[in-house]
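Engineer: Right, I'll just put the structure down here and ask away after.
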């Protein structure tokens, strides 16, 4: 009872600067929670297609479609969860509830594998007639999947945000994010290997049971650390303020706009001191939302907004045409790009000129069109890969799922390598250009495979269980195509975000870019997962992959066309070289006596580093 009563004052306590909340004491709780939830999430989702086929006797195409829907929901719903956390409930409560919901879903999946009447009887060996699942069994299965999807979505983004909120210094937040991604990928690898291996070689019951244990430990650890966390105060829905501006301006559409500051509402309390004095002249119709009229009341939030709220609405409204540019203006941009292609030879020299008008919002359409096209391409070929392998290459379902898991694992891991190469040696822009071309080559090869009969085995005869296996040549060409598209995707996945952010100097502008970045990314993901997959399933594989080629080609041309406008980041050299140099130098001089004099240490007396170098090395690890 005492602990529950203290929860009512938790938010207020977190705002007290003298309270001992947040900081590195929360780190073990956050990281342990993330590790367990990652293992649980990847443990059930990576082998979902095989589970549906083996345990529920669902046909391979239907199982893949269910898996695609699940993956789409897991990718999209975190945005909804983040909005709910930021607007209404806060990150900590959303994570707690979501982890519990995920636990319920995985427990239900474990129960399904444990009780025979919750799933159809297994197929008889060698029989093609299998009993399909009943409506009750499908209902319980879908309920379990819905729970784990909601649970995963509620922790995917909010854990990162909640963890970063525990630190005040940007450097500490950066360190947290380094550990965050390391833990995320470690959990993903564990779930995609150890858990999947257990499911296939031991039992589904044990595999899902391990996921449930990992989720349970995460939930207990996270709840145990709640008294240490800083709790963020929900800011209210941003969409409410946007709608209020439209409603208030429309209600007062006949009012005469004033040029006097005192005729506008500037908010209450602290907001009145930080609010803009006068609304801007652009989109002046909406200035009426902040205009005081004879019947105005500060208590009527739908008739009166502050000047700051009006300006925030205008800021959002101004960038809407950029989205339309992505959809409608990409074709004219290609012709303009071809006319300027000869300027590419001098771009490296011009990029070093600080007076050049490079970067800024002029680069946004190029970046977003590139991102949108690459997202359409990636999700277009990867989401239906299992069905493609089974139908076009006569590969067994389990082997096809294993290939798909390897592909997804590489796509998740290789972007780290690509980012290191870009930062250390070549820079973001050249790596993106080369990667987009490599991806285009790979997806073109996949299209060629679907077009030429001799590049794939003959299709199975109707009703026959004996199908021709792919030859070594067939598999070699297939794996070469997959290797190319994996490499191309990895070279653009993270680097496009970094290159786009580098076009802006102000953090606020970078934040706006990232909002549009994720919007374009998920827009492409939805298009690839729906339109491209539909074309593959209902028209032909050749058309489906051909659309991916078109999207990739447009992305490549548009990105190259904008190269003269980009800010170019200077490669910093490999960080590992300096680390190895320290180890080698210390080992060579291991018998030397350590000095306490400043002049006995090399300060790297070259340029700015000599001025910023520490005078005496620290005592730790001496």
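Using N, Cα and C of the backbone, Cβ positions are placed for all residues, glycine too.
Unlike curated entries, TrEMBL annotations are predicted automatically.
Okay, so TrEMBL annotates it like this:
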- 1-20: region 'Disordered' (REGION)
- 29-56: transmembrane segment (TRANSMEM)
- 68-89: transmembrane segment (TRANSMEM)
- 95-118: transmembrane segment (TRANSMEM)
- 139-159: transmembrane segment (TRANSMEM)
- 179-197: transmembrane segment (TRANSMEM)
- 204-225: transmembrane segment (TRANSMEM)
- 319-339: transmembrane segment (TRANSMEM)
- 360-381: transmembrane segment (TRANSMEM)
- 401-422: transmembrane segment (TRANSMEM)
- 429-449: transmembrane segment (TRANSMEM)
- 513-535: transmembrane segment (TRANSMEM)
- 541-562: transmembrane segment (TRANSMEM)
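Could you give the neighbours, burial and distances for every feature on this list?
Structural biologist: Here the transmembrane segment (29-56) has long-range neighbours at 62-64, 66-67, 70-71, 74, 95, 99, 102, 106, 109, 112-113, 119-120, 122, 133, 137-138, 141, 148, 152, 155, 159, 162-163, 166, 176, 179-180, 183-184, 186-188, 190-192, 195-196, 199-200, 204, 207-208, 210-212, 214-215, 217-219, 221-222, 224-225, 228-229, 386, 397-398, 401, 404-405, 408, meaning same-chain residues at least 6 beyond its ends whose C-beta is under 8 angstroms from one of its own.
Same-chain residues lying 6+ beyond the ends of the transmembrane segment (139-159) with a Cβ under 8 Å from its Cβ atoms: 30, 33-34, 37, 41, 44-45, 56, 66, 70, 73-74, 77-82, 85, 91, 94-95, 97-106, 108-109, 112, 118, 133, 180, 215.
If you look at the transmembrane segment (204-225), the same-chain residues 6 or more away from its ends with a CB under 8 A from one of its CBs are 26, 28-30, 32-37, 39-40, 43-44, 47, 51, 54-55, 95-96, 99-100, 102-103, 106-107, 109-110, 113-114, 151, 191, 194-196, 198.
Through the fold, the transmembrane segment (360-381) approaches residues 322, 325-326, 329-330, 333, 411, 432, 436, 439, 443, 446, 485, 489, 492, 496, 499-500, 503-504, 509, 513, 516-517, 520-525, 527-529, 532-533, 544-545, 547-549, 551-552, 554-556, 558-559, 561-562, 565-567 of its own chain, all at least 6 residues removed from its boundaries and within a Cβ separation under 8 Å.
Long-range contacts of the transmembrane segment (401-422) within the same chain, counting only residues at least 6 positions beyond its ends with a Cβ under 8 Å from a Cβ of the stretch, are 46-47, 49-50, 185, 188-189, 192, 196, 378, 382, 385-386, 389, 395, 428, 431, 435, 482, 486-487, 489-491, 493-495, 498, 571, 574.
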Engineer: Residues sitting near the transmembrane segment (513-535): Cβ under 8 Å, six or more positions beyond its termini, same chain?
Structural biologist: 68, 71-72, 75-76, 79, 319, 322-323, 326, 364, 367-368, 371-381, 383-384, 496-497, 500-501, 503-504, 543-544, 547-548
Engineer: Sort out the residues at least 6 away from either end of the transmembrane segment (95-118), same chain, that have Cβ-Cβ distances under 8 Å to it, and list them.
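Structural biologist: Residues 33, 37, 40-41, 44, 55, 81, 137, 140-141, 143-155, 158-159, 162, 203-205, 208-209, 211-212, 215-216, 218-219, 222-223, 226 contact the transmembrane segment (95-118) from elsewhere in the chain.
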Engineer: Where else in the chain does the transmembrane segment (68-89) make close Cβ contacts, counting only residues six or more beyond its ends and a cut-off under 8 Å?
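Structural biologist: 41, 45, 48, 98, 145, 149-150, 152-158, 161, 232, 234-238, 383-384, 518, 522, 525-526, 529, 533.
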